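Undergrad: Please read through the structure below; I'll follow up with questions.
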Amino acid sequence: MQADEISSIIKERIDNFELDVNVAETGKVMAFADGVAKVYGLKNVMSYEMVEFDTGDRGLASNLEESSVGVVVLGAGKNIKEGTSVKRLGKLMKVPAGDALMGRVVNGMGEPVDGKGAIETTEYRFVEEKAPGIMQRKSVHEPLQTGLKAIDALVPIGRGQRELIIGDRQTGKTTVAIDTIINQKGQDVVCIYVAIGQKESTVAQVVRKLEEHGAMEYTIIVNAPASDSAAMQFLAPYTGVTMGEYFRDNARHALIIYDDLSKHAVAYREMSLILRRPPGREAFPGDVFYLHSRLLERAAKVSDELGAGSLTALPIIETQAGDVAAYIPTNVISITDGQIFLETDLFNSGVRPAINVGLSVSRVGGAAQIKATKQVAGTLRLDLAQYRELQAFAQFASDLDESSRKQLERGQRMVEILKQPPYAPLPIERQVVVIFAGAKGYMDDISVTKITKFEAELYPFIEAKYPQIFEDIRTKKMIDKETEETLSKALEEFKTVFVA
C-alpha cells in the first residue's frame, strides 16, 4: 500500500469521524417511598419537567427545593432505589391528540390500555396549557342537549359551559353523564370520559354500555383506576382536557366528563402530603382550588376568529350525606356555571333522574336553550316549586280548595313526565311535545300511573299521523301558531284513542 493511499484513508476516516456524545444533567435518588423520589442534583430542572430514571421509569419534577427535587414517579417504579441515576429530559409532558384516539381507552399518560395496538397520530400536545383569555372566548349560545327532559327543560347546558353534576353515591351521576354521551350521536360532538379512581369493572361496564349504543366510535376514555398511583390519577383529567382542546382549537365541538373530581382531589392530597407540602382545610393542600380551576377554565366556547369551536365540561362531585358545603364541593360549585343536584331521597322514591329542581341551576345555559323548549318549559320551574310547597302543606291540611287541588294534580303529572329510564335519551322535539302536553293540561284527567304509557304511545302516534310536528320543531326550533294548532289537534285525537 502506497504512502499517499494510507494518508488518504486516514484523511477520510478523520472527515467521517463523528463524536456522538449525549450531554444530560443527571442526579441521584436519595430516598424513594410511596411513589415519590427525593433526587439530589438536577440543578436546572423545570417545574413539572419530565425526568427519566435509569430503570426506564419516568417522573415529573414537582417540588423544586434548594438542594433536592421531589419527583413524582409515573407508574409503579418497582426497581427504583437509593442511588438510582436520574436524568433530565428537558421537556414538559405531552400526550397524543386527534381523531386516532376515538374509540380507544388510554391511561393517564395517553398510552393505550385496550389491547388494540399503538395509536397512530402525529399530533402531541402539552398537558399543562393556559386556558383561553377573555378576548379568545365567546358567550355560550348553542345548546348541548343531554336527552334528559329534566335537564334540557330546566337546567339547560350550552356548548362551552361547565355544569357540575353533584350528589351522594348511588344517585345516578354517571348515568346522567353516559346518557349525555349517547345523545351526542350524529351531533358531531367528540366525547371524552375521564374515569378517576374508579373500579376497573365499573369502567368496563361504561365501555360496554357505550359500545351497545354505538357511542364508542366518537368517544375517548381516559382511565386512571383506583389501582393506579396517585400521580396517574392526578394527571388523568389534564390528559383528557388536552385531547378535548385539540378539537376545540380545530373549530370542532367536544364534551368532557370528569368522573369524579372528589377522587381527583384526594389523589392530589395524597401526592402533596407525601411531598411534605403543608396541609390546609380537611388536610388538602392550599392550591387545591387552583388544581380544579385551571382544569375547568380550559373548557370554553372559542371566538369566531379562532374557529368558534367549543369544549363543554361536566365535572362530577360525590358528596357525603348530601353535604354540599364541604370544601371540594363548594370550590367546584364556585368555579362552574351551574350545578345539577341529585338527591338520594328522590332516587329512592322512584324519581329518576333524581334531579332536585329547586337546587339545580344553569347560570348561562338559558341563552343556549332553543325557543321551543323556552315556550313549553318557561313556567315549569316555578310550577314545580309551587307544587313542592303545596305538597308539603297538603300533608297536614285535608281540605284543599279546587285550584290548589288542580295544581297538586298537575304537579304530580309533571313530575311523572320528567321521569326517564336510563340510557334512553330523548330527541329535543319529543321532549317539547310531551312537556307541551303536560303543561297545557292534556294529561290532567289521565291517571298518574298511566302517564308513562301515555308518553310511550304518543310518540309513535304523532310519528305515524302527524310527522310534520316533529319536523317543524326540529327545523324551526320554535312552536309557531300553525304548529301549536296541529299539535293541539293531534293531542286531542290521541287522547280519545288512548282513553278508549
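Positions of Cβ are set from backbone N, Cα and C atoms, glycine also.
Pasting the relevant annotations from Swiss-Prot:
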BINDING   Gly167, Asp168, Arg169, Gln170, Thr171, Gly172, Lys173, Thr174  ATP binding site
SITE      Ser360  site 'Required for activity'
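Tell me about the surroundings of these features in the structure.
TA: Around the Cβ of Gly172 (ATP binding site), 19 further Cβ atoms fall within 10 Å across all displayed protein chains. Gly172 (ATP binding site) falls within neither a helix nor a strand when secondary structure is assigned with DSSP, and so counts as coil.
Counting only same-chain residues six or more apart in sequence, the Cβ atoms lying under 8 angstroms from the Cβ of Ser360 (site 'Required for activity') belong to Leu154, Val155, Gly338, Gln339, Ile340, Phe341. The secondary structure of Ser360 (site 'Required for activity'), as reduced to three states from DSSP, is coil rather than helix or strand.
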Undergrad: My understanding is the cutoff is Cβ-Cβ under 8 Å with a sequence separation of 6 or more in the same chain; which residues meet that for Gly167 (ATP binding site)?
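TA: The list for Gly167 (ATP binding site) reads Lys173, Glu318, Thr319, Phe341, Leu342, Glu343, Thr344, Ala354, given in order along the sequence.
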Undergrad: Tell me which residues of the chain lie with their Cβ under 8 angstroms from that of Asp168 (ATP binding site), as long as they are six or more apart in sequence?
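TA: The answer is Glu318, Thr319, Gln320, Ala321, Gly322, Leu342, Glu343, Thr344.
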Undergrad: Over all shown protein chains, what is the count of other CB atoms within 10 A of the CB belonging to Lys173 (ATP binding site)?
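TA: Result for Lys173 (ATP binding site): 25 neighbouring Cβ atoms inside 10 Å.
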Undergrad: So around the ATP site, Gly167, Asp168, Arg169, Gln170, Thr171, Gly172, Lys173, Thr174 aside, which residues have their CB within 8 A of the centroid of those CB atoms?
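TA: Leaving out the recorded residues gives Glu318, Leu342, Thr344, Phe347, Ala354.
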Undergrad: Look at the binding-site residues Arg169, Gln170, Thr171, Thr174 and tell me which residue has the greatest number of other C-beta atoms within 10 angstroms of its C-beta.
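TA: Counting Cβ neighbours within 10 Å, the top one is Thr171.
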